[in-house]
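In what follows, a structure is listed as structure tokens, so that the remarks can point back to it.
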Amino acid sequence: MASKSSAAVLDSGSGGSLQHSAGASKALNEASGFLDTLLRTTGPLTAAQQCELEHYRFGVEKVPNHKIQEEDNVETFDPSKDTRRLIQLAAEKSDDTYATLSEPLSNSITFEIKAVLDRKKVRGTVVDNMLVVAIRGSVTLMDWMVNGNGEPVSSQDIGTPPAQFHRGFLAVAEAMQERLAKHIQATVESWKATQTSPSSSQLDLLLTGHSAGGAVAQLLYAMAGSASSRLAFTAVVPNFRQVHCITFGAPPITTIPIQPPARDPFRSGLFLSIINEGDPVPLAQKEYIDAVIQVFVLSPEKAEELYHDGYPVPRPVFRASGTCVVLRDQDASNLALNRWTAVLIPEERLHQKLFANVAVHSGSEYLERCKLLFARGG
């Protein structure tokens, strides 16, 4: 179902006067500029940004599909102790990539690749027989979402036709995969040298990242599972007992969701896409951002009047990959008490949501929720 145009939403029967059109255009530009600024922010929002975001959110929160609904048929996500541990570890290491200085664990085996041109910063750490490879997110996410670099393109090495991938993220993953593979191989060799019985010991691999870093982690996961002989990253897979991919607030990057290969070491691994309820980035693409802005500029009364049955979110070009796990507050109206829960939502249902709370996108927010939800029994 096509969404209403910005002009139609804002006009609301006023006759479309030039003065009204100018005011509508100004409101859209201001909302677009504000959202652009927020999506470029990796850390917590300032008090002023929080206040302005609250102003915009009033309208969005009058639209029923701004949150998980009963008809979404979500299931409670109740992971095992080992899975909870992996999620926590992934959240911690993803958040660590934003730190200026490395703080390696005592006696740990680590590596770091600096961000250069089209390559992203990567940190690798061996923790309890697990090599965690974390890719840092970007401070220019909005550019990647809406500019010409977001064109869907085919890949000779990953995916099955007619699957296509986000040009910008694919270019980054392709540019860094060979060098990263060398670092991973060297790390595996260093780790084996510390083992008393190298032949009976094997590492697991955990690919992770927040935001744009999560998008690249998912593409590297797809490369790891590829049958292409041109990819250096594919060659590191036999080193590992299991391969996992756990991402946080990652934008969608493929027209057909990436599927875990039905073979070891992927078959027994995890492929999770962790999403804070309300975070727009896991749904972000040009048409979606346009839809958010259209609702941003409405008064709460007008939003409720126009979309009391829900906003008709445009069909996505890019779709979420992995098992989608939404972290949410069971009673968001009670500001004095957070009752966090995790639910599984079908990918097609996720793409019907109008999430617009950029404040919950930060890596620190994901880490905090994961600690509260998954620390039990860990």
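The backbone N, Cα and C atoms fix where each Cβ goes, and this holds for glycine too.
Any TrEMBL annotation is an automated prediction that lacks curation.
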State the residue range annotated as region 'Disordered' by TrEMBL; the candidates are 1-21, 106-126, 253-273, 295-315. 1-21
For the domain 'Fungal lipase-type' (132-283), mean pLDDT (0 to 100): 91
